[in-house]
Amino acid sequence: GAGNHTLLTEFVLSGLSSRPELQHLLFFTICSVYSMTLVGNLLICMVTVHPTLHMPMYFFLRVLSFLDISTASVVVPKMLVNLLSEDRSISYAGCVTQLYCVVFLATTEWYLLAAMAYDRYVAICSPLRYAVIIHSRLCLSLVLLCCCSGTAVAVVQTAWVFALSFCGPRRINYFFCDIPPLITLSCSDTSMYEKQIISATVLVIFTPFCLILLSYACIISSILRISSAESRHKTFSTCSSHLTVVTLYCASGTLIYLQPKSINSQDTKKILALIYTTVIPALNPLIYSLRNKEVKEVLIRMIAVLVKK
């Protein structure tokens, strides 16, 4: 118990792959994806501040971009350093911090995606009442609620994981400190904790996912009543791209956390974790914002001003 905690000052992350010939290729690939994440999301943060984009939808997009930059930045820089370094250790405090941040950001983003789906639902299904229902105070309250949910889940999960005893190997077969690889290292009885993770997964992933599906079901039934084929196609394409990201996010999260202790699928879990910590943050700006006509117009105008300077 306590004695083991005092002895353990660091963990070692085994990383994405132990094959030396892959390290440089992985480094350049992930570095490119991370650069895309930073550039794409920073562009969205800058563009959505423009006075013509002063709608709630763009406020949510700005928060989503901020969360995506944060999620990638909590995981990727350390992973890149480890790909080129012999020393892959992470301090005990660093591991606690990383786990807390990953859980906080993932939970907050899930609830934010549900809030964004509700915003789209009101915009498409009750356009005349949109300004009355979705006002800036509600948007701010929803984002604060998402952050509070993220904080509560992250505090409970992190405290629970690090209350376990780690007395065996300190090598984490993963590229960051996450719940499943950490509990496989514990020598405590984790059966109770595994049940708790499953209920947390249902709460954090399935509840928002069901709310998102419900919103989109209403949106789609509303679209089917639109007489113009062009409007129908445009709204469908927006909804389908949003749902693709949400489903990808839901599938990767669920497969990782619903079987927390299955060691045999650790490589699969690494790929799934790479999707939600690295790939999705790079895709979100393309899917949510850069396909949007208003965003594209403002971006072109901003670039034109910069070029003239």
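Here the Cβ of each residue, glycine as well, is placed from N, Cα and C on the backbone.
Just so you know, TrEMBL annotations never went through curation; they're auto-generated.
Features as listed in TrEMBL:
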TRANSMEM  25-47  transmembrane segment
DOMAIN    40-288  domain 'G-protein coupled receptors family 1 profile'
TRANSMEM  59-77  transmembrane segment
TRANSMEM  97-118  transmembrane segment
TRANSMEM  138-163  transmembrane segment
TRANSMEM  197-224  transmembrane segment
TRANSMEM  236-259  transmembrane segment
TRANSMEM  271-290  transmembrane segment
Same-chain residue ranges lying at least 6 outside the transmembrane segment (236-259) that approach it to Cβ under 8 Å: 106, 110, 113, 116-117, 120, 178-180, 197-198, 200-201, 204-206, 209, 212, 216, 219-220, 223, 265, 268-269, 272-273, 275-276, 280, 283-284, 287-288, 291
Recorded stretches the transmembrane segment (138-163) and the transmembrane segment (59-77) touching, at least 3 CB pairs under 8 Å: yes
Across the domain 'G-protein coupled receptors family 1 profile' (40-288), average pLDDT on the 0 to 100 scale: 89
Contact set, same chain, for the transmembrane segment (97-118): CB under 8 Å, 6 or more residues outside the stretch: 57, 60-61, 63-64, 67-68, 70-71, 74-75, 78, 90, 142-143, 145-147, 149-151, 153-155, 157-158, 161-162, 176-179, 182, 204-205, 208-209, 211-212, 215-216, 242, 246, 249, 253, 276-277
